[in-house]
Amino acid sequence: MTDSTRWLWMAGLFLLGWLLYLLHPILSPFLIGILLAYLGDPLVDRLERQRLSRTGGVVVVFALFALVLLILLLVLVPMLGRQLVRLYQLAPEMLDWLQGTALPWTQSHLGLQDVLQLDQLKQVFTENIGKTTDVLKLVLAQATSSSLAFLAWLGNLLLIPVVSFYLMRDWDLLVERMRRLLPRQREGLVVKLTSECHEVLGAFLRGQLLVMLALSVIYASGLMLVGLELGLLIGLLAGLASIVPYMGFIVGIGAALTAALFQFGLDPYPLLGIGVVFMIGQMLEGMVLTPMLVGDRIGLHPVAVIFAILAGGQLFGFTGVLLALPVAAVIMVLLRHAHDLYKLSGLYGESNSGSDEPPSPA
C-alpha cells in the first residue's frame, strides 16, 4: 500500500467517524437493532438446523424476546416501582436515623465531629418531596405538548424491532456479502480479527450479561428471604453493578447493611444473613458463573470498564452506555493486533538496538 493510498484510507475513516458523530442522535434504534440481531442470530441458526425456515426462526426468536419483555413489564417493573415508592417514603426516616443514631455512634466511637451535616439535606428533601409529582406532571405535559418530539421518540421505539427483524433475517447473507467485498490479500487477516472480535463479544454479551442476571436473581432472592424490605431493588442494583469486578459486591452489601440497620437495628441475624447472601454470590461468581459463562476471553481491566461506560454515556447517552463494553472489547482485540505488529516492526527493533544498558564484560 502506497503512502497516498494509506492517507486516503485514513481520511475516509476520519470522515466516516465524523459523519457517525453528526448522525448519532438518530443512530440509537439502528445500533440497538444491530445488537438484538447479533444476539438473536445464533438462536435463529440453531432453529434453522432443526429444519425451520429462516423467517420462521426469526419469528420464534421475536416471540421469545416479546415474552421476556412482557414478563418484565407485568411482574418485575411493578415490583420495582413499589419498592422505589417505598424508598421515597422511607428517605426522611432514614435521614433521621442517620442523624440521630448512626452519626452519633460513629462520632463517639471514632472521635469524629461534624462528619456530615444532614440538617440542610433533610430540609431540602422535605421541602421538595411534595414537588416531585408536580415535576412529573410538568415533564409529562411538556412531552405530550411537543407532538413532534413525542412522535420522534415513538418512531425510534417502533423502528428498533423493524431494524432488528430484517437484520436478523438477512444476517448471514449480509456477512457473506461483506466478506466478498474484502480485498483478497487482506481477507485472511480481516476474517481472523473478526473471529476474535466475535469470540470476545460472545463471551461478553452471552456471558457477562448472564452472570449479571444470575447475580441479580441470587442477591434479590437472598435479600428478600432475609426479610429486607428493599431487597429486590438492592439485589438488582448489585447484579447490574457487577459488570465492574467487585463493584456489585461493594455497592450491594453496603446498601443492604445500611437498609438492614435502619429496618432491624442491631439484630445480628439479618446482618449475618446479608453477609451470607453476598458471600454465596461472590463464591458462585468466582468459581462457577464467570469461569463457565465468560472465561478469560474479555480481559478488560476494571478501570477500562469504568472509563468505557462513562465515555459511552458522554458521547451517545444511554445507548452509548449499553454499547460501551462491546465496543471496548472489539477495540481491545484491535489493540492486541496492533501490539503484535509493533513488536514485529522495525521501530521496536530499533529501540532494542539503541538500548542504554552497558555492554556485558568480556
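Heads up, the Cβ atoms here are built off N, Cα and C, so glycines get one too.
Since we're looking at a predicted model, the values are computed, not measured.
Here TrEMBL flags 6-39 (among others) as transmembrane segment.
The transmembrane segment annotation in TrEMBL covers 59-80 (among others).
Sequence annotations record features per position, and here TrEMBL assigns transmembrane segment to 148-168 (among others).
Annotation source TrEMBL lists transmembrane segment at 209-237 (among others).
Feature annotation from TrEMBL assigns transmembrane segment to 243-264 (among others).
The transmembrane segment annotation in TrEMBL covers 271-294 (among others).
The transmembrane segment annotation in TrEMBL covers 306-335 (among others).
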(request) Could you tell me what the rest of the chain brings near the transmembrane segment (6-39), counting residues at least six beyond its ends with Cβ under 8 Å? (result) 65, 156-157, 159-164, 167-168, 171, 201, 205-206, 315-317, 319, 322-323, 326
(message) With CB pairs under 8 Å as the measure, which of the listed stretches 148-168, 209-237, 243-264 comes out on top against the transmembrane segment (271-294)?
(response) 209-237
(request) Using a Cβ cut-off of under 8 Å, list the residues of the same chain at least 6 residues beyond the transmembrane segment (209-237) that approach it. (result) 79-80, 83-84, 86-87, 90, 243, 248, 251-252, 255-256, 259-260, 263-264, 270, 273-274, 276-278, 280-281, 284-285, 289-290, 293-294
